[in-house]
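Taken verbatim from TrEMBL:
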type	residues	note
ACT_SITE	Glu355	active site, proton donor
DOMAIN	64-179	domain 'Beta-hexosaminidase eukaryotic type N-terminal'
DOMAIN	202-516	domain 'Glycoside hydrolase family 20 catalytic'
TRANSMEM	6-27	transmembrane segment
Amino acid sequence: MFRPVFIFKILILSLIINFVLIVYFLLQNSRHRFHIVNKNDYYEINDSHSFYGNNRISTNIKIIPMPMIVNVENSILLLSNNFHIKLNQKLTKDLRLALRRYSKYISLLAGISVEINQKSSSSENKLIIDCPLITSKKDKYPKLGEDESYTLNVTKTGSYLYSLSLTGIIRGLSTFVQLIERNTSSDTFYIPLVNIIDRPRFIWRGLLLDVSRHWMPVSVIERTLNAMEFSKLNVLHLHLSDDQGFRVESIEYNLLHDRKDFFTQKDIEHLVEYARQRRIRIIPEFDIPGHTTSWFVGYPELASQPGPYQIGTQWGVMKATMDPTKENTYIFLDKFFKEMTKLFPDPYFHIGGDEVEGSQWTQSLTIQQFINENKLENKHGLQAYFNKRIQKLLKKYGKIMVGWEEILDELHENRTVDKDAVIQAWKSRKAFIQSINKGYKSLLSTGYYLDHLSSSSFHYKTDPILNDELWLFNKEQLSQILGGEACMWSEYVTQNTVDSRIWPRILAIAERFWSSSSITNDNFLYERLFRMNHLLDKIQTGVTHISSYKTQLQNLIIDSNKKLDLLHPLVILADVCEPYGFDQRSQSGKYTSDVSLTTFTDVLQSESELIWKLEKLPINDKAYRDIFQTWSINHLRLRQLFDNININKYKQIWGQDIERLSENLAHTGRIGLRVLDYGTKRILHRDKNNSMNSWPLINWIAHHNNLLNQLENQVYEVRLAAVRPVRRLLNSIQTFV
């Protein structure tokens with residue numbers, strides 16, 4: 001039974017939230033300070049050269065994902081030692097663990113001591129947490145659609161966090177930590193006074209992580225979950241089997257899993273609990289009936305063609321496919337599902353179902369006979385038959401089937417899976433819309449493929465519900481859109497590089513899943529995204545892409561006597577380069593699971609923070625000349641790296657043509673200086689005798705644009721991002737004073 005005071009607080013909170021929501025809808029287009037935070041003029045950059053730790057106090061809110069409603073006051077609350085976190089209720093085990101995590105984050109970020117207790121404090125140096133419904137010793141496994149809302153008020157008397165659920169408290173703690181700012185002039189830390197009411201836009205906000213093609217151990221999953229919690233993502237979808245590996249221990253069928261790189265069942269239990277404490281659900285995926293070579297290594301009788309089979313090392317769509325016509329296939333899968341559904345408590349269970357190549361079915365007389373006898377017509381009909389039987393098996397164990405869009409390829413309504421299945425669209429938005437129109441709950445992954453290394457801006461423009469598609473759906477159909485998942489496929493990443501391919505770009509997707517669709521400003525996104533990137537490192541979530549960056553670059557300097565001298569110019573080069581993703585690497589044909597992914601492009605950050613900053617500087621900023629000058633001479637500083645009798649051996653280790661990149665950066669720097677010279681001196685070339693000085697300006701601009709285009713993409717698998725700010729200055733040349 002709840003005490004009357006609890007019920008009273010709940011009613012009061014409900015009334016407040018409803019009132020504020022009404023105010024929000026009335027005022028969202030006004031200039032009132034109570035608004036969804038999307039006012040570009042309100043969020044101005046205080047210091048154009050530094051986005052982290054300004055010398056003057058800022059009350060700008062740089063949270064990502066941006067909360068639903070924010071009311072900012074023009075004042076701050078200083079933080080100091082002996083910061084108190086107090087809970088109005090008795091601490092549960094899960095909340096105690098959460099408070100320990102976040103008190104560590106606060107301490108690391110602000111350099112202050114933090115105490116957790118239930119003593120009252122008159123000091124404003126405190127965070128009071130109120131969660132009246134926290135009564136159980138251990139919170140249950142998180143549910144789809146559970147309450148994640150919270151309110152956070154930072155006032156002159158202290159900070160106050162309120163939610164009806166542990167999940168809401170954890171989401172609010174993430175916001176609180178992100179609010180912490182540093183005043184570098186006084187080396188103090190503070191939080192702007194703010195009132196926040198927040199809840200997610202979509203209930204399924206996920207990341208797919210492929211641990212099959214390249215193995216990702218427990219430590220990778222743990223640090224990914226840490227960063228996901230801080231980013232308000234709530235689903236980790238583990239792709240656990242594919243042609244290149246089966247990564248979960250099966251006791252029932254002990255020839256299934258990889259002999260070396262796999263999760264034991266105790267590992268899975270640990271990770272499920274680790275995720276649960278962070279209010280993240282883990283969804284397993286075992287891809288069937290295609291992508292199943294690894295199953296057939298130990299159990300060839302499941303295959304449509306006789307073995308033997310070997311673990312795949314190539315990438316792409318393989319021919320190996322399960323035989324859906326054998327009753328023994330379903331007996332095997334029934335026992336397998338019985339084992340795995342006990343291991344993974346989430347009600348949703350992913351069966352893959354994508355990219356069934358089908359030639360083994362076509363070439364088998366017995367399978368073709370089965371198709372004809374059962375009037376299944378073709379491979380789509382056969383897969384639909386298989387899907388329905390798999391769905392029935394999963395229902396037996398209380399699970400809801402999730403599958404990729406191909407499980408709806410069958411056109412005959414009576415053969416398709418039951419409407420309680422969840423469809424995940426990945427190839428096209430059209431498939432996403434069709435699955436909703438057919439009555440299925442749906443997830444969007446189209447436009448969220450992180451392994452393609454598209455820009456954060458590209459992902460940010462992709463939304464599960466686009467305004468120009470609203471007319472396609474009624475209210476009930478809109479409710480079928482659960483959210484979406486970013487996908488990190490691992491053909492071209494390893495445990496040492498996966499962090500830089502997920503973070504920070506997934507933050508753009510996390511905001512699209514959590515925040516209002518009206519928040520669309522790219523500059524505002526990147527400012528917060530890069531800030532959060534550094535926060536993830538500073539609070540020690542475990543992600544390594546910043547902390548290991550220079551070490552991995554230093555590993556490319558083979559001569560141990562030159563590592564220290566050459567590291568700085570190599571960092572200068574790497575900082576202005578970006579890797580190309582799946583398309584270019586897959587086209588090269590040189591990569592397999594046996595090829596080491598330790599090359600120059602593997603070390604690079606997915607997007608250059610330095611180049612983004614340069615692109616935002618005023619066109620007449622004096623910093624450009626120093627930077628372009630540094631680029632123009634950097635190749636001379638790296639010269640020793642290339643002047644070596646073993647240069648061919650070194651090039652194999654580097655993977656990409658670093659020497660050419662270095663030369664191109666120097667050339668880009670010289671073009672940049674030439675553009676600046678025109679802006680200040682109105683000369684086209686420093687050498688008065690150079691014929692370029694007689695060119696028409698429009699030809700001079702076109703010539704240098706062509707050069708920059710060549711320099712940007714001349715080295716395969718690497719983009720010379722340094723070209724972008726130079727191109728911007730070149731194309732804005734008429735604005736120079």
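FYI, residue positions are counted from 1 along the chain as it appears here.
From the backbone N, Cα and C atoms, a Cβ is placed for every residue, glycine too.
For the domain 'Beta-hexosaminidase eukaryotic type N-terminal' (64-179), the number of residues in each DSSP class (helix H, G, I; strand E, B; coil) is 32 helix, 36 strand, 48 coil. With a cut-off of 8 Å between CB atoms and residues at least 6 apart in sequence, the same chain places Gly290, His291, Val317, Glu406 near the residue listed as 'active site, proton donor', listed in sequence order.
In this model, the domain 'Glycoside hydrolase family 20 catalytic' (202-516) carries an average pLDDT of 96.
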